[in-house]
Amino acid sequence: MNTKITNFSFDKKNLSLAEDIIKKYPPEGKRSAILPLLDLAQRQNGGWLPVPAIEYVANMLEMPYMRAYEVATFYTMFNLKPVGKNHIQVCTTTPCWLRGSDDIMKTCKEKLGIKDEEVTKDQKFSLIEIECLGACVNAPVVQINDDYYEDLTPEKMEAIIDKLRND
């Protein structure tokens, strides 16, 4: 996985999509497109945002790089280093912890053979402990890429990993 990216630009399809996104905002408020454009850049780049992608989006929105960087570092949906094909985010905030998220995290570490904030050697999985996913009523909760998995047990988590491993 190339972590030394020195240049970034949207491909033709994403550039058109980015322009359509920006048009949804008034000209004086186009900076408000920062979240969807960073997300678009991250998706184009395999699930993470290198500095050149953040710079590119900031320039496109005519805003200082540092403002775009602040947004990218504030939200856990943005990854500033490479992640696996299946990016597993385990919520460990109090409601999830009370319902066993520590066991879910332990299961993931043991099953994948990695620690928090690591990627498996085959780059199929990455694991990170995060704060609230906003689904406390169904704790413990894990987000894998764009999907939520709720009311988990260690056994259910193992089955999910096995299924993803075989996909």
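Just so you know, glycine gets a Cβ as well, placed from its N, Cα and C.
As annotated by Swiss-Prot, [2Fe-2S] cluster binding site applies to Cys91, Cys96, Cys132, Cys136. With a cut-off of 8 Å between CB atoms and residues at least 6 apart in sequence, the same chain places Val90, Leu133, Cys136, Ala139, Pro140, Val141 near Cys96 ([2Fe-2S] cluster binding site), listed in sequence order.
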Taking the mean position of the Cβ atoms of Cys91, Cys96, Cys132, Cys136 as the [2Fe-2S] cluster site, which residues outside that list, in the same chain, have a Cβ no more than 8 Å away, listed in sequence order?
-> Thr92, Thr93, Thr94, Pro95, Ser101, Glu131, Leu133, Gly134, Ala135, Ala139, Pro140, Val141
Comparing local Cβ density (other Cβ atoms within 10 Å) for the binding-site residues Cys91, Cys132, Cys136 points to Cys91
DSSP state at Cys132 ([2Fe-2S] cluster binding site), helix/strand/coil | coil
